[in-house]
Amino acid sequence: MSDSDDYLQDDPDDQAFDDFADVASSPPPPKRRRLQARNQTRNTTSRRNEDNSVASDSDSFVVDDDDASKTDELPSPSQASYHFADHPENEASSKYKIFVPKRNNPQENIFVTQLTQPPSPPEMIRGPRWKKPDPPPPPPPAPTKPTPKTTRGPGHEDYGDDEDLDAAIAASLASFEEENSRLSFSTAQNSPPAPVASDNAPTNTAQTESFDFLDDIPDDAFDSDLSLTPPPPAPPSNSSRPSSFMQSSNRPLGVRQTTLFNMATRNQAPQPPQGEQVFAPPEKVEAPTQHKLNQEAISTWVYPTNLGKTRDYQFNITQKGLFHNLLVALPTGLGKTFIAATIMLNWFRWTRDAQIVFVAPTKPLVAQQVSACFGVAGIPRSQTTMLTGEAAPGIRAQEWQDKRVFFMTPQTLINDLKSGIADPKRIVLLVVDEAHRATGGYAYVEVVKFLRRYNQSFRVLALTATPGSTVESVQAVIDGLEISKVEIRTEQSLDIREYVHARNTEVQTFKNSEEMVLCMDLLSKTLQPLVDQLRTLNAYWGRDPMALTAYGLTKSRQQWMLSDAGRNSSFGLKGKVNAIFTVLASLAHGIDLLKYHGITPFYRHLLHFQGNTDGQKGGKYQRQIVQDEHFKKLMNHLSPWTKNPEFIGHPKLEYLKQVVLNHFMDAGEGSAGAEGASQSTTRVMIFVHFRDSAEEVARVLKRYEPMIRPQVFVGQASAKGSDGMNQKTQLGVVQKFKQGTYNTIVATSIGEEGLDIGEVDLIVCYDSSASPIRMLQRMGRTGRKRAGNIVLLLMEGKEEESYIKAKDNYEKMQQMIASGTRFTFHDDKSPRILPPGVKPIVDKRHIDIPEENEEQALPEPKRRGRVPKKPPKKFHMPDNVITGFTKASSLAGGSKRTAQDKRKARTPTPEPVDIPALEDVILTAEQQRELEHRYCTIGDTSPEVIRTPRTDAFPRLQLVSRPTKVVKHGSLTRRMIDALQKMDKTSSDCEGRFKEVLALESRRPAEESLIHQSISRPGNKKRLRKGRSGQPEPRLPPSRVHEEKDEDLDGSQPISPEQLLSSFTDRQGPKPFSSSPRSENLELDADFEAPDLDTLLGRR
């Protein structure tokens, strides 16, 4: 007997209910009616042939023939209204009231996994819920041949005999496979294969029932990505067994997709590994690029596999960096250089002659990136160069003409762009290292702005470990570099967690030692009088001298100077306040050294402060501090302490010594003696803020050589008492640290950014930094290849609070940057560059490194015997610019007038000026007397008479300009002198010669005579014309003057003598006719007077 039989016979509740149905004439419950309706639609033939077997599925109740008399068969829903009509107790009333609907329609079971509406974000207001109406009932299936079933014993259930459930599952899988085929990542589009039908299931029935069942299942029930809109469901094929599920052709995004029954599908086509994503370049409408592209190479992009296993985050970031202006924020040591080298390699392949530029803020960083790109990307060394400011401009110009890949500092790049040495239109890729510096007016920002003026088709890749500490600083980086997308990873990101080793961070806080408390007490008593004076003047509100800071004093000084008291105070009071502020600000730095770095740096600072007061140096208040009794007592205490080599002036320094010693002892350092001391297996790096602190830490650790071999690592600038390190020395220290010559580096901020110092097992932060950028740069130096330790040494109070603030700020900023909701990106300035329709496919392969790249020397330009000359400055013209001059009317949108619209204005003929009579011009006798009496005579005790200048006096001196002091000669004076010089050159026989010339011209034919030609032209009687040589043409000979006067009696104006004389000049030049060999040798008498013009022209 099966479990179903036991359920029907042994359940006392069911038997009581059957007895009550017979007595109360009530219909069966709805559950029994639904089960009976489903049983009637099944194939009843197979059930009759099973004598000793029962269908054990959960939706049917079938009993044996022997037990039929014991159990009443349930009526069908269609017979519910008349099944108990002939029962004798049908009319008896019952105390149980059961609602019986008048119309009953058989309904199939509905499996609902999700809502039927399309997916939508949670913040959107949804509309009313709606369910698709039920389809019309299918026609009754045709009877099929019964299939024998295997008889099983009690307790065995066959869950695969429900054809409806199998068909529904097959239909759901068909829809799921159709969705996966549409989202295929492979290039070949293969339609999913049809499912194989089972032999023991009816074909037509399965098709019909599965179709009805699929209508009630939501379209997106099996979608793995809600951002994709599901396609309409395809007609499913027949399937009766879960073992005959269709095979998926793809799996989106490498996620393991399973069915409702926890069964995974298998893919036939090859697909990307788990975690890798495929991105296509964005489709944009833009002008074609000016770069020459390699049409054969742009169909694929190369991903090097030289370094072994492919990292998913590097693959995905590289793919986005090829097609977008990308800001990459990765923790230190996770392969930002590999990403940059891969992107540079692909753009090198895609273009024929375009140039690629990698910029880094310092020269050591530039040299480090060169070696990394040579060994990873395989870019030929012959096409690569490293340019710095040390190279001559002529050499740099030659390199810009011949090479394609450049490694340089941003300052050198902007200088070459502005001078015209570099062509901005040829640059296709700009890689920016340490991109968090690209704010304000830094060289990175200037380079991008300059390139954008001339080039609209270039890509930007920005690399950094921490983009910024505030929203404003991150937005400034995005604006300065025109970033369109951000890829950020933290140490908690899932795709990089396996590549980041554990880092144990230990935070140790300290209190002031007894020596430090004594020093603070004495210094506080020394500075208290000056602080009280500032408080009396309301210039500073603090009371404790140990709370002084340089920044606080500077702000207080500015506020006091801007206040009414500061503006209205006397100059003496202003000088006093400024002097006190200056002295206190100088000692505020020493207070920080005492609190956070140690007594020895503090003592060095006080010695320098005391040395500035020797003799007459230093101000009044500075000498007042040095001569104070508490200051002298303080110096007497500090001097013997610092001279003791065993003295340690800060509790942090004592703890630092113990931590470093324990680390090297645990690692077995120094156990091999002096011979094995140079082969270190572990490294330690200590970060400090000031050089004095670095030297003090190195002094303490050098006591334990050779176990601890420390080396100070500082910047290039020289400071008081400390010389800087040039770049060659810095690189040498780094190389020795990698080799094991030094196993401990005590570095300032120069060791925080960028430099590949190598694998470090222990990081000790001697002082805390309030900047999240500096904090993360420090902590990122360990935990790259193996587990690392970080020890933070903090003083209680301000330093501890600064660390907590920096840590919280970093975590908050990483979340905001990853979300991208607080920032504005520049997608419009991120061009596609590639032609439309081109979608490169990844080509993972091993890159063959050229033999020339194995050379260890940097690719700097070789020194030449003769340095080439700097080329002339070249001005690059932006695209689509308007050359030439443009009128303001055209800029304002006005229409351009053609030449035909312009009408030439007719110039009127000038009328001759009437010559007034001589009597009207010359003063009368009465006017002359009035002039002399009123204007020429000055009445005084000694009358003075002002006379007109005499032109006849000093004739030789009037031919030249006389020297002046204040008032220079006017234009009239210069003209007068010029006229007198010309008159002086006139010879004595000019009258005779003029007559001869005029006589010769008058006897010539009319066609050749210049006089006749000038008179025959129209208008010559009234105005003066000039000849071709620019000289006035002669008018009339003297012999015909009176004849022309007779002809002009009709009212025309006669020619004046001056006009007639001026027409007789030589056409060949300014030399007058008077110039002759005979007249040049004549010497004029002193009393010679030139002839009158009227007399000259009137004589015949």
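Keep in mind that glycine also has a Cβ here, set from the backbone N, Cα and C atoms.
Source: prediction; values computed, not measured.
Checking Swiss-Prot for motif 'DEAH box' across the ranges 65-68, 433-436, 533-536 points to 433-436. Sequence-distant neighbours of LYS336 (ATP binding site): residues of the same chain at least 6 apart with a C-beta under 8 Å from its C-beta are VAL328, LEU330, ASP433, LEU463.
Counting residues of the compositional bias 'Basic residues' (863-875) by DSSP class, helix then strand then coil, yields 0 helix, 0 strand, 13 coil. For GLY335 (ATP binding site), the same-chain residues 6+ apart in sequence whose C-beta sits under 8 angstroms from its C-beta are ARG311, GLN314.
Summarised as a single figure, the pLDDT of the domain 'Helicase ATP-binding' (317-485) averages 90.
Of all Cβ atoms in the protein chains displayed, 22 besides its own lie within 10 Å of the Cβ of LEU330 (ATP binding site). Secondary structure by DSSP for the motif 'DEAH box' (433-436): 2 helix, 1 strand, 1 coil.
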